[in-house]
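Remarks on the structure that follows.
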């Protein structure tokens, strides 16, 4: 038996030995992993430099405003096109050219206009009539009516024809509609191409479709943005409700941990049960309605997601998912009912610890603020980098011109000899790009931007974990709680983390950031290789993605426990990670059961809060609450604010529960160390509370004798 124990501990390190001077987090400590601290500082300096360069070269207007053939923005204030917000295509049919999909730009002249055409006219019919005054606004700026029709069309100064159009994403598209199954523009089923020939409306449809493919995503984004502008204050109210519920739940958990856990379990089951009932009622209501039996596969992807809610198959899928989730939760509760009692006791102990360090509940706000700074800097830098390309002009022509698609300068092109080879060619804005060293390095800068975001975000999270671990470890290792605790345990732990362990936090977050950026690159490669038919490559990609996902989860778990050891002992990252890993391996059964059951209970708490707020948001934004039915704003997609509230509620609940989670993990690790260091004798008494000692049938002999 002794040999087996020796071999076991040899594999997983040696147990902690009794140290009479150890009274909790060590105060006399030195700086750890200084090299990583210096590396983080240099990386931040480089990140700031990248941001400055991006802000110098970038121009977000390229994303906001459409651009005409001269590379000028439509509708931008302070420019000559300030009163011309719409982009007009001379010949929308040419947008059906494959060049559109290659360079995302139609090979036809484009100008900024005040309004889209509202009537059908051709240059031939409008010339020398009163209609030409209206027609001229769709010609190039500075147009002089001193040429013949042929010369005007050859030089691309006016469109051959204008058709009734409607603005979409600040672009003018033909107002095509169907009347009794026949496509029409205005009252016409055909249109004149401006050269005396009549063509079918379907040609316009093809051109509009190709141009519209580029804009579908932007249109969806604009509609989502509109929904946010009219519902943002209701979203904030929903998030405030989630915050109040989370805080109320935490406060109640402080005093009624056992009852609250069981109430939480019952409420989650009831919420899921109501979800199943609601899905069944919607499924039954749609029975017999026209179009409700269409399958999701036949329908395909639709930008208007409300279409899916009119399908019976959608509600059937929701009902099956919720039913499976309900059954899984009930089975877990049945088989883990005894372990749940132990987890409740651990939560009660965590409640006492949080009660003595109440300011810890506010620390997630600090983490949230720092993460918002990281996200804002990353997003703005990413936008400026993506818009720091310069305008690229290329030769466009309807004939087989040898200069076709070659780069040109619009100011000098008409004067150069090359233009004589193709008299009808035009030098037109194509896209934003560049061939300088800076432009070639843009992809690398974007990768660096993403990597630094992961590194800094993980560093912020690590700082919060070390701070909370130090505060709660001070509680556990106080023999007389709370008399032996320091005056300000949270601030003391925060100061120690920044002063001594910035390098260790940078080291741990760097390892995690490397794995995360590799996962992002794998996702990028997977998207690029989706069209490939090589099954081995697909299999290899799936394996790599799975392996790195597991690796990320393991590193997060190891880092979390390493940070607890850093907060207690002040050792470097590698030593702390090794000691934490061996300590957990020596108590693997307790780790697998107690810790994970507690995590499961916290997850149920998050689901209860998110489910409650989500159901309330659903009924409000779908105008199903009669008292406030007229208050809810009209929306393009009511799922936009609902999903935002649900995701935001989860993040808020996660922020509050993360304090409890870190407290439980810290107390659990301290408890394992306590069992190894001490034996309950008068010389080596346990530091754990009387509740935990009773739960585990442990006693201090001195207390037992008295």
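A Cβ is built for glycine as well, from the same backbone N, Cα and C atoms used for every other residue.
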Membrane topology agreement for residue 26 and residue 621 per Swiss-Prot: no
From the candidates 200, 697, the one which Swiss-Prot records as N-linked glycosylation site: 200
From 316-336, 337-357, 400-420, the residue range that Swiss-Prot assigns the feature transmembrane segment: 316-336
Among ranges 537-557, 600-620, whichever one Swiss-Prot labels transmembrane segment: 600-620
Correct range for transmembrane segment (source Swiss-Prot, candidates 480-500, 564-584): 564-584
Local confidence of the prediction over the topological domain 'Extracellular' (55-232), expressed as mean pLDDT: 72
For the transmembrane segment (505-525), sequence-distant contacts whose Cβ falls under 8 Å of one of its Cβ atoms, 6 or more beyond its ends: 33, 36-37, 39-40, 447, 450-451, 454-456, 458-459, 461-463, 466, 497, 541, 544-545, 548-549, 551-552, 555-556, 559, 562-563, 572-574, 577
Criterion met for the transmembrane segment (639-659) and the transmembrane segment (257-277) (at least three Cβ pairs under 8 Å): no
Helix, strand and coil residues within the topological domain 'Extracellular' (621-638) as assigned by DSSP: 4 helix, 0 strand, 14 coil
Contact set, same chain, for the transmembrane segment (600-620): CB under 8 Å, 6 or more residues outside the stretch: 234, 238, 241-242, 245-246, 249, 261, 264-265, 267-268, 271-272, 274-275, 329, 332, 336, 340, 343-344, 347, 628, 632, 641-642, 645-646, 649-650, 653-654, 657, 660-661
Tally of residues which DSSP labels helix, strand or coil - the topological domain 'Cytoplasmic' (478-504): 15 helix, 0 strand, 12 coil
